[in-house]
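As annotated by Swiss-Prot, transmembrane segment applies to 34-54, 78-99, 114-134, 179-199, 227-247, 289-309, 321-341, 348-368. According to Swiss-Prot, the heme b b562 binding site annotation covers His84, His183, on the basis of similarity to another entry. According to Swiss-Prot, the heme b b566 binding site annotation covers His98, His197. What Swiss-Prot lists as ubiquinone binding site is His202, and the listing cites similarity to another entry.
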Amino acid sequence: MAPNIRKSHPLLKMMNNSLIDLPTPSNISDWWNFGSLLGICLATQILTGLLLAAHYTADTTLAFSSVAHTCRNVQHGWLIRNLHANGASFFFICIYLHIGRGLYYGSYLYKETWNTGVILLLTLMATAFVGYVLPWGQMSFWGATVITNLFSAVPYIGQTLVEWAWGGFSVDNPTLTRFFTLHFLLPFMIMGLTLIHLTFLHESGSNNPLGIVSNCDKIPFHPYFSLKDILGFMLMLFPLMTLALFSPNLLGDPENFTPANPLVTPPHIKPEWYLLFAYAIRRSIPNKLGGVLALAASVLILFLAPLLHKSKQRTMTFRPFSQLLFWTLAANLLILTWVGSQPVEHPFIIIGQLASLTYFTILLILFPIIGALENKMLNY
């Protein structure tokens, strides 16, 4: 019999083992679709980003008008920009659901895969932040000023660090230039990290909703899950196109239609919606250094997930108390997101502080306690 090139060719063999003949647990649900959706998001963002970069000018005097020019005069430039801006929102929706799936089904016990995933999240957040600065509108400028200023909370070297990041004594042309450089570079770094993430995943194989070893019942990825993934792509691309075509500015800030002006501060400086939960946590501590540490902890806490797992069962499928806690955490994150978009005044301050306290309490204290309690309940 002639050798199958798919299985013998050095490059095709790798593709085959990752996407075609990959042994996959037969019972994984739609929650396992988000990994491939993230891949599609990344590809879409890189493609639209490259097309936008071809027409963008990283200069404070020209950045705003170059973006306007792209939307007005470039063939389908408006669509490319709208897809890129709203694609970022979908990227974050997918990654948050992907992380939620990982927490619910105990996927974090694959430590290497989980840790590279958290690094991917941090890189994505950095990419989105520097990208938001590029149109050089009011919120771009003041967002860059406020967030980079947080580095000044670092003891002793803080101020030097901030001025080094700015390339001067305030956010100006050098800042915009380096932010464009970073925004161009980081997605390729994300691609590399994604390959590492997948390499670690394919070492152990996928987890499944029951959290049990599935070696006895695996099926090839293609055609079973490749077909399921295509359905996922359609279900994601449809709302993305709808948003980009009918309501492209729904998730943006109206303030960003005004060119950056260092002499006028917007009444309420806030990041894009997908970073608001961390912003709300940062804001709920009335001390600069404390706020910065809480901001960092809000994401870095994910690294602790494998250490805080105390249950004898891997997933939450058969753990009703942990499920209740998990959905409380999800609701709490929505509250934090909402509070982050509100002005710093009563009652939003106290709501934000309570929600921040709840966030850390659930993850650090209640999850391990409930896990141990459910172990005890197994004996009765």
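Residue positions begin at 1 at the first shown residue.
Glycine is no exception: its Cβ is also placed from the backbone N, Cα and C atoms.
All chains included, 21 other C-beta atoms sit within 10 angstroms of the C-beta of His197 (heme b b566 binding site). At the 8 Å Cβ threshold, with sequence separation of at least 6, the transmembrane segment (179-199) lacks contact with the transmembrane segment (289-309), having fewer than 3 such pairs. The Cβ of His98 (heme b b566 binding site) has 20 neighbouring Cβ atoms from other residues within 10 Å, across all protein chains displayed. The secondary structure of His183 (heme b b562 binding site), as reduced to three states from DSSP, is helical. Cβ neighbours of the residue listed as 'ubiquinone binding site' (same chain, under 8 Å, six or more residues apart in sequence): Asn17, Ser18, Leu22. On a Cα basis, His84 (heme b b562 binding site) lies 21 Å away from His98 (heme b b566 binding site). Here the Cβ of His183 (heme b b562 binding site) has 22 other Cβ atoms within 10 Å, regardless of which shown protein chain they belong to. Taken residue by residue with DSSP, His84 (heme b b562 binding site) is part of a helix. Listed in sequence order, Gln45, Thr48, Gly49, Leu52 are the same-chain residues six or more apart from His84 (heme b b562 binding site) with CB atoms under 8 A from its CB. For the pair His197 (heme b b566 binding site) and His183 (heme b b562 binding site), the Cα-Cα distance reads 21 Å.
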